[in-house]
Amino acid sequence: MLSEAISGLTQVFQPLPLALMLLGVAIGFLVGILPGLGGAVTLALMLPFTFDMQPVEAFAFLLGMWVVTSTTGDITSVLFGVPGEATSAATVLDGHPMTKRGEGGRALGAVLFSSALGAVFGALVLALAIPVIRPVVLAFAPPEFFALTMLGLTFVVALSGKHLLKGFIMAAFGLLIALVGLDPQEGTQRYTFEQLYLWDGIGIVPLVVGLFGGAEVLQLMLSKRSIASADGGATPEASLSGVGQGIRDVLRHWPLVIRSSAIGTGVGIVPGLGGSVAQFMAYGAAQQSSKTPEMFGKGAVEGVIASGAVNNAKDSGSLIPTIGFGIPGGAGSAVLLSAFLIVGLNPGEEMLTTSLDVTFSMIWVTVLANFIAVAAAFFVLKPLTRLTFISGPLLVPFLLLLLALGAYTASNSFADVLVMIVAAIVGVVCIRYDWPRVPFLLAVVLGSLAERYLFLSYSLFGWDWLTRPIVLGIGAVMLLAIVGPVVRRARARSRAEKRPEQSGVSA
Amino acid sequence: MNTALPYRRSLRTLVALGLGAGVLSGCSSDSEPAASGGSGDCSSLEGETITIVVPYEPGGGYDSYTRLVAPYIEEEIGATIAVQNQPGAGGLLALNSLLAEDADGTTLAIMNGVGAGGSSIAGAEGANFSLDDFTYIGRVASDPSLLVTSATGPYQTFEDVVAADEFRWGSTGPGAEDYVTSSLISAVFDIPGEVVTGFPGSGETELAVVQGSIDGMSGNLTSRRGAVEDDTQTPVLVVGEERPDWLPEDVPTVAELETTEEQSELLDAHLALIELGRPFVGPPGMDEAAMSCLRTAMAAAMENPELVTESQEQERELAFLPGDELEGLVQDLMDAPPAYSELLATLY
Amino acid sequence: MSAAESRHTTSPARTEEIGMADPAPQAPSRRSSTGAVADVVLGLLLLALFGWAFLEAADWSFKAAIFPRIVTGLGFSVAFLQVVQSLLRLAGGRRAAGARTPVTSPAGPIEPVPAESVPQAAGTTAEDDANEDDVEYVFQTAGARRWTEAIAWVTGFFVLLYVAGLFVTAPLFSVLYLRFAGKRSWTFCAIYAVTIGAVLYAAFELALGIPVPPGLFLD
């Protein structure tokens, strides 16, 4: 196995694959910055160019492009509050507030560096998983997927902040939105209002772009100031000098990086869950374990680190079922699967035996491309950070166009733009009246999956699915995830009761 | 009923036709471009932008086929071709809106024969078109299905499947190709069983087959190749005209099965639907000159040796059928026995 | 968050800069009651939504309806609780308003665990600068005129986008917005507009070939 690992590396370090990887990284870099235009779409557009390539060349090009989009998607999230990808929404929550108070450099340093570490972690897991890849994939069936979606939903508790009741309402609202469309078992139309557009449900990309980006742009229009606050002595130079601090933050919070990467890789393996779920699971977990959970959503560097690491770790995770069985773990790896066929590789046993060196070259590419992208990003950090210090109205037309395009490219329909506008209204109302947005989004993402997998679990296994070992294990983790914060709340409350005036009506 | 089928595949596989693999009547052709529209005067389209709408997300089979073929047609016509993805309502949205497009040849779409055609025949909600509404340019690929079972399960041949006490299919949901084909086979061969619906995609369905938690599924023939060669899925029946050479000889096609007349009527109609495959279609009543230009150009493009090589490299098998023959096929489908559309109506 | 709020209200310099109406010291109590009223209103809206969605599921088959029933049923109950709680608070707040100034919970009068964050937030003040909840702050304090203006611009943008398509909207909106909302010179507006139009055209039309909103006339 070691010799294949080395052979994979030397195959990547040939002039042509290396050049193609750089080209891929460059394309992915730009595409990641454009909101809406996701990695999967770009892969599909670039697929025809790989027809004449050798396997290693093709994967250097495609993988290089793909893994980079999740890194650069975080950049717009941090700087403008407009997620570059649906998977970069969690980065907005803390990254953007940091930018506003003049710490954009620190936030970017943290998110980029933790992205790189996350990628390395994911690649390491992928490499180590090779001997057991097939049994691991086979151990996950709808009951396990369902348990994972439920685990994801328990993070509603953590992500609701102080407003638990509001959090639950928003989560129920999100689940309701997830129900729009044809029902998965019988094709009944639910809440579709006779609109064909709604048959496939509400698109996640327009929703994310509106929910997070819309509010930021409106705020910029209202205040007419620059994004980063000029008072308090924040300057572009001061902000940029924070990059180093961001990197140190990441090193200081290394257990967080590992845990978030592990969540990313784990969720990535599961077909169908994907990055939009993983980011919030990692974010919620980071908040739960933080010493200052109340700072989350207001610019906690831990939130930025978690969402950076999880994003890049999940890519390697979703390659695991693709390589092992030819079953894609997400939209991006589904397109990569066609690339396998184009270059004449059969995913499955072959990738783990005779073509093992190609598998390793893929792992090397994910690591290398990430490092190159992060290095390149540090290079353009300066001009980008400066943008947040220029006058707000200058950015407004540009950002409005980004919002519109980000939504429209989801399915090339103006209805996507309407969804984005409605989501933006929801986002603004949530912020204005202090209702939590994140449980809503989490529930939208998880809702339809939860229903599907619940019914599938029952159809396939009857009630026996409840006793499957992995399901029980995830159940135990869920219990901990719920009990933990409750205990903490209770403790905080008993502290608070020492100050009689504060004990609210709710107690 | 069983007449010879059009065969002009310059492609990788030609399996023995067997005992009249064909079911379709009336269409015989050779490799010449469709002669119908004369020489194909392209003056109205030259320099224009022709949009080919793909009713699905980028990266899927329909998308890849369209992007594969488009540059070669572009070359023939001297127009620019833009491939646009317009997903929605399982592919119906784009076809519904194609009805209202200008019929000057600048807007085309690639159609999912089984999905969209089936919905239309079944009178399903959402399909606001009849199959004979569209102008048929030519078929890019046929779309046969392969029934597979779990390699570790008790059913390793189609006879096992038919004899099963309870056979469980996996499917994404009603109206999807996998649902229609497996339900139809179940109904025709009286296989007791159920279709477990709700899988988010064919990847997850496959995983369940490999894990053995469902007994089998129906899926796109070429996409199953990897799994069949990897021995994680056992092929049991080709729901299509011919068996590719990578499948073992003992895997029958539908036509090779012994059937009663009633059964073969239903199967024939369904095979005609499958034979419709993935055609390029245009809005109703397309301008004569534009239609003949597009038909001629597509016929010539599909013969282009570079395209043929490229499609082989990608393992995307082409199966061109000229537009006028597709029209005949559609007519056959419109005349299909009522039992067929009644059966389909229960599946959408 | 509350610590930051009170800090904002004592910062007249920022106030002017933002151009909002009145950040006067009486704001907290008034704001707390508008917040509670908004919570009641939003709660009722969602209550109605869940109720409607629950009834809507009546026509569906059991399999299609069971999950929506559970979701909307739960949503209805929680929203009901929330409305009751907000009303109680509103009543309680009115009574107490004369007696004390609710320093601790201006933004969220409904928080179940009110005191938790206060000491910590105060402890971290030195590090977290005044901007930490800027968005909430701006939304809460921007005057009616600013809101009207901003919403009018946004509405105009999307209507223009729908009618005229991206490649018209991008330069046109840029010029209008920068000239009249941004108060920039015509030259500057023209350069901005041409650049943004050209970049978008090059990226989407020429390089990527990805469709953009075409407008009504260019379909």
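Cβ from N, Cα, C; glycine included.
What TrEMBL says about this one:
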- A:18-442: domain 'DUF112' (DOMAIN)
- A:20-47: transmembrane segment (TRANSMEM)
- A:107-130: transmembrane segment (TRANSMEM)
- A:136-157: transmembrane segment (TRANSMEM)
- A:164-182: transmembrane segment (TRANSMEM)
- A:202-222: transmembrane segment (TRANSMEM)
- A:319-342: transmembrane segment (TRANSMEM)
- A:362-381: transmembrane segment (TRANSMEM)
- A:388-408: transmembrane segment (TRANSMEM)
- A:414-433: transmembrane segment (TRANSMEM)
- A:440-463: transmembrane segment (TRANSMEM)
- A:469-487: transmembrane segment (TRANSMEM)
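Take the transmembrane segment (A:469-487) and the stretches A:136-157, A:164-182, A:202-222, A:362-381: counting Cβ pairs under 8 Å, A:136-157 has the most. Between the transmembrane segment (A:20-47) and the transmembrane segment (A:440-463) there are fewer than 3 Cβ pairs closer than 8 Å, counting only pairs 6 or more residues apart in sequence, which means the two stretches are not in contact. Non-local neighbours of the transmembrane segment (A:388-408) in the same chain are 34-37, 76, 79-80, 82, 99, 104, 205-206, 209-210, 213-214, 216-217, 220-221, 223-228, 230, 235-236, 239, 414, 416-417, 419-420, 424; each lies 6+ residues outside the stretch with a CB under 8 Å from one of its CB atoms. If you count C-beta pairs under 8 angstroms between the transmembrane segment (A:164-182) and each of A:136-157, A:319-342, A:362-381, A:414-433, A:440-463, the highest count goes to A:440-463. Between the transmembrane segment (A:136-157) and the listed ranges A:107-130, A:202-222, A:440-463, the one holding the most Cβ pairs under 8 Å is A:440-463. By the Cβ criterion (distance under 8 Å, sequence gap of 6 or more), the transmembrane segment (A:107-130) is counted as touching the transmembrane segment (A:362-381), at least 3 such pairs being found.
Here the transmembrane segment (A:440-463) lies next to the transmembrane segment (A:202-222) in space: the count of CB pairs under 8 Å, restricted to residues six or more apart, reaches at least 3. Between the transmembrane segment (A:414-433) and the stretches A:202-222, A:319-342, A:362-381, the greatest number of Cβ pairs separated by less than 8 Å involves A:202-222.
Proximity of distant same-chain residues to the transmembrane segment (A:319-342), defined by a Cβ-Cβ separation under 8 Å and at least 6 residues beyond the stretch ends, is recorded for 38-40, 43-44, 47, 50-51, 58-59, 62-63, 66, 126, 129, 133-134, 136-137, 268-272, 274-275, 348, 351-352, 359, 362, 366.
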